[in-house]
Amino acid sequence: MGNKQTTFTEEQLEAFQDCTFFTRKEILRLHSRYRELAPHLVPLDYTNSPEIRVPLTLINTMPELKENPFRDRIVETFSEDGQGNQTFNDFVDMFSALCETSPRELKTIHAFKIYDFNRDSFICKEDLRKTLNKLTKGELTAEEVTLVCDKAIEEADLDGDNKLSFSDFENMISKAPDFLRPAAALTLTAAGSALITQDQDQDQDQDQDQDQDQDQDQDQDQDQDPGCIIMSASVLKCN
Amino acid sequence: MEVDTVFFTDHSGRVNSNPLLDQLPSYQSLLYRRKSSTAGPKRKGSSKARRSSSGSGKWAVNTVNRNEEKQKTLTLQRPIRELAKSMAEKRRNKTQCLENDQGLSSWRQWKQNTGRHLRRLRDDAQEWLSYLQLWRGDIHLIEGMFGTGILSYFSFLRFLVMLNLIIFVLVFSFVMLPIIIAPHAGGNITYNQNDGSNCSVYPSSARRGLVNFHEHITDLLSGGGFLEQTYLFYGYYKADKIHFPWTTYNLPLAYLLATVAYLFLSLVWIVKRSATGFKRNLIQDEDRFQSFCNKIFAGWDFCITNENAARLKRSSLLYELKTDLEEERIKQKIADRTRKQKCRIYLIRFILNLFVIGVLAACFYSIYIATIFSQEAQMSTVKVNFIVDLIFEYLPSIVITMANFITPLLFSFIINFEDYSPAFEIRFTLMRCVFMRLTSIGVLLFSLWSQITNCEKGSCVCGYNDKLYSCWETRVGQEMYKLTIFDFIIIIAVTIFVEFPRKLIVNYCDCGLAKWWGQQEFSIPQNVLEIVYGQTICWIGTFYCPVLPAICTIKYFFIFYVKKVSLIKNCRPSTRPFRASSSNFFFLGVLLIGLLLACVPVTVSVAQINSSRACGPFVNYTTSWEVLPSTVSKLPQGIKGLLFALASEAFAVSFFVITCLAMFYVIALAGAHKRVINQLREQLVMEGRDKRFLIQKLCQAQKISAIRSPVSKSQPRTSRSSPSYHTSFSNNFDEAVFLAHSPPDSSTHV
């Protein structure tokens, strides 16, 4: 029967649905995006869970990540080997954590890891300096950079060790109103990419949404409008 | 940089974390964040979903286990997908959950299943409702292209469309619908009697004979002629009571109460919408609280996929950071000002404020003159010319629009000399513009009223000038109607005749003018003021022109598309970012000011000015307000007594006193909370220092014991990547000093 998809087994799809914030359709679409990055590397059939890793450089070509100054760190954070080579599990995990429906706490944890360049579980001044330089691409003078970093640490450091521990960071983020708004930090949704609307052929496969046992199903895709260039319509969730 | 003895660096420059720190309970809680108590029953009933903690460290496992048990009994666990672990671990968790689930009794299973289905139903319903939201796709598109500042403008516009629609439905169903359905439902309408006295003559304004086409246009644009005696204006609602078979419907009372209701509804809705923004603003109680951190960590918009947009975002972030640094410098400069400089600055500010007041006074006076001239021109029977007539009719609107165009430019020019901090400059200019816009409507109304109550022979017999204004409410309604139409025309005209040519010139012409003018930026504050101005007119005008909300709904509907097209085609995103978080609060704040300002004329005209004798529902009453007391006096004794008691001074005073007490209590509570927060903050600093001190001591102790017994140091590194939290942190256990092999120090054992 042409309707059945052959990429994943049912158990795999269920597992994905439970462990991420995506629906079946979106997971399959993610798989096709993943495959697009390296068609010769990634097989169509994932039923036996092959151990394929797509390298960092290819993942960084995705339009959602291409313009992001932290793309390297994001991909590294969500990769098992820490070098940025992502398996499909990592790939899905990354987008799940960054999508709109993932809760603030989860995003805060991952944000902390992303901004911690030297992975010492603290955001020290050096990390801050690197973050700022990535943000502004060296447009600030060194003196201004130092000043800004000092001020930032002064604002957020609660326990007085001149570094930001996770609790400092979390406390600061909880007061940052821009953090969780859709189209704000750490949320990958919304417009701009024309690549993504062409997955029409995948749509026919997943028309029946089977009732899952452990469902936290939030079936919210909006792929009705093929002309709509909202990325989330085909890749990620959208509120 | 200070050398931190707690951490060791290896040659690669990466700092390896001390595994002790990773085993701390505060660290372990990274994985299993305890959700707040408002968490719904989103749970898979698992008794042991938590895996063991980091590799070694039995004591750590024990303590964390104990903590976890405690946590589990206190709260419900989180869904698996909200845990900060890798996919593989989440799947393991899930299979464990499944296994545990089998062991539950059938009652529990049924309960869980029902809970799940209900949840799913609720999620579906929510999703379905969100589909119904107007313009969802458009707004999402705009958000992606231009960011959240402009998004808030468009969602504000959508809010106004909804508000106007609801107001219209309210007014329609209580005022127009009974009149419309009366003939069909067997109702009998009693009209207000023309008692033939002086004041009750209402000459018809319909045009007689052959009417030119352009006269129809004039009528349409000015609300006169054939439009005057229609549902559009107050004067048409002459019905006094409508006698249905089952009840009597008191139309004047309904008219008055509908007015009060729509003002109240608007107030409630706006306050509700701004409550979230206000709470957020309260949290950031200081002016520059956390601004740097916010910009660095939450500044980048992760949705940007366009290279241009990324460049713009970067430059806007840069601009923001530079502005903040500038603010710091200016603060420093202000603190360093000498006395002489201060005097000079204050003098300059005083003079400039006088100048601003002068400009405002001049504008208001010109509006007053224009209104009087326009009214006289309309009253006179000498008609010059179609176009000139139209201009005379629209003269107040034209003057108001021109004043509102010039004054912002003037204000933003002046503020440069007043030497305030940049943030304050922006806010102050905005306040001045808001004041200008909203007060100009007030001046228009005031000049109208001065005309209406201005009789030739001293005081007026009817309370108003009945010769010229036999139905003055309709006239006021017509003025409001004209303002609305003109506003709409101007917005469209500016877009077509100014913004499009500007884009063409800037794109295709390489002259100096193009460079100086630059590409259009979507200025959010000015656009917001525009629509708040329109909405204020709508609120004032609905009493006199009940169909005005519907007209405004249609107007805002079209404005949305006009602005959207203009934005996408003509504008580039602003290099000066408009804070999205505070913008909602700003919009709603200005709207609230507009609402309060709109209440004043309506209240004055309802309560003070005599209603027309010749038209409208309030013919039999002196003022419009009088219908309420007269209705109350006809009520049965019990209710009447209750209402009188509610309106009495005793009740009002005691209500006021109680409200004051409640307010003082809440303020005291807030002060106490602030003190507690400060104390806790200090405590946290102390705890941090304690922790570092203890860890230092511990490391020293370990070093000493390691030196003494080198044999026991060679521990297997097998569990290098601990299964429970696969993060990049776990990769650094190259030279771990595992505590499992030295007896736990009671001082660190929790």
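If you go along the chain as it appears here, the first residue is 1 and each next one adds 1.
Cβ atoms here come from the backbone N, Cα and C positions, even for glycine.
TrEMBL labels come from automatic prediction, so no person has curated them.
As given in TrEMBL:
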COMPBIAS  B:34-51  compositional bias 'Basic residues'
DOMAIN    B:471-581  domain 'TMC'
REGION    B:34-64  region 'Disordered'
TRANSMEM  B:159-181  transmembrane segment
TRANSMEM  B:253-271  transmembrane segment
TRANSMEM  B:346-374  transmembrane segment
TRANSMEM  B:394-417  transmembrane segment
TRANSMEM  B:480-498  transmembrane segment
TRANSMEM  B:585-604  transmembrane segment
TRANSMEM  B:650-672  transmembrane segment
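Within the chain, the transmembrane segment (B:346-374) has long-range Cβ neighbours (under 8 A, six or more residues past its boundaries) at 392-396, 398-400, 403, 407, 410-411, 414, 417-419, 432, 435-436, 439-440, 443-444, 446-448, 450-451. Averaged over the domain 'TMC' (B:471-581), the predicted model reaches a pLDDT of 85. With a threshold of 8 Å between CB atoms, the same-chain residues lying at least 6 positions outside the transmembrane segment (B:159-181) that come near it are 134, 187, 189, 231, 237, 239, 242, 249, 251, 254-255, 257-258, 261-262, 265-266, 269, 273, 531, 535, 538, 542, 546-547, 549-550, 552-553, 556-557, 560. When the stretches B:253-271, B:394-417, B:650-672 are ranked by Cβ pairs under 8 Å to the transmembrane segment (B:585-604), first place goes to B:253-271.
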